[in-house]
Amino acid sequence: MRSASADDRSFAGRLADYRALAKPKIAAMALVTVALGYLAAGGSDGLTLLHASIGITLVAAASGALNQYAERDTDARMTRTATRPLPAGRTSETEALVFGIVCGVAGADYLALAVNPLIALLALITLALYVGVYTPLKRSSAWCVVVGAVPGALPPVLGWAAAGGGTQPGTWLTAAGLFGILFLWQFPHFMAIAWLNREQYAKAGLHMLPGQLPPAGWAGKTAVWTAVALLPVGLLPTLGGGVGVWTAVAATLAGAVYLFYSLRFAREETRPNARAVLFASLGYLPILLLAAAIELLVIR
């Protein structure tokens, strides 16, 4: 008979594996941008935002679990993902699949009943694009990066939907601007990651933009083009009236730093330059979100 302590460790390990399937760090960042979209669209009911957050957390968990189920074979061939629950053999395929389906259905139903049908529909579209289009496309086309950036940019639109999906021009412009910021932000970020891990992606048979399209230097050039586009797009939420001028200042300054390191990466694609782009990307969103949060929660 196993000891109680061994059972406790097994239970704790099982919870940790479910947590890994759900990818909570990605879900947490998505929830922050959902809240930003909600507040920028004029939402003010904390209970509605809480309901939206619960439902979106469940749908995000479904995305993570179903993505890992679909990529269990390629994850096993890459060092950076080989320790995930499925390739490591700690979770069965059926368990991960059922967990993902249950979370997705529960999350969508909860959003429809507790918030509104629009946010439930958008959440399901996000899930379908990520799991049903982006994930399988990684095996056949380098353009999966572009497709995958769409569901990655939809969380603030979910926040807009939670606030009622206002049709005023300013509300639309704010929501579109937040979507555009997250869409463009992903490209330099992902170009750096994909370049740093290009050998592992190739070994796993995944088609990623930097390693699949000529000429050499494509990763750096893509990072620069999108970082340049991010500068004017970063002003749209302010022009729409959803946030104030300090958010535009933060977006411009952080965007300039992002562009600077992207230019260095384009001039010379090296591991230090790729890591610098990655670190700049990790600083961009917190700076922007902090400025917006101060304006929406403190200054207003």
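Glycine is treated like the rest: Cβ placed from N, Cα and C.
According to TrEMBL, the feature transmembrane segment maps to 21-41, 47-70, 94-112, 118-135, 142-163, 175-197, 218-237, 243-264, 276-299.
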- Item | Cβ contacts the transmembrane segment (47-70)/the transmembrane segment (276-299), at least three under 8 Å, sequence gap 6 or more | no
- Query: Given the transmembrane segment (175-197), which of the listed stretches 94-112, 118-135, 243-264 has the most Cβ pairs that are under 8 Å apart from it?
  - Reply: 243-264
- Best-packed against the transmembrane segment (142-163), counting Cβ pairs under 8 Å over 21-41, 243-264, 276-299, is stretch 21-41
- Same-chain Cβ contacts of the transmembrane segment (118-135) under 8 Å, 6 or more residues past its ends? 52, 55-56, 59, 62-63, 66-67, 70-71, 104, 107-109, 111-112, 144, 147-148, 150-152, 154-155, 157-158, 161-162, 165
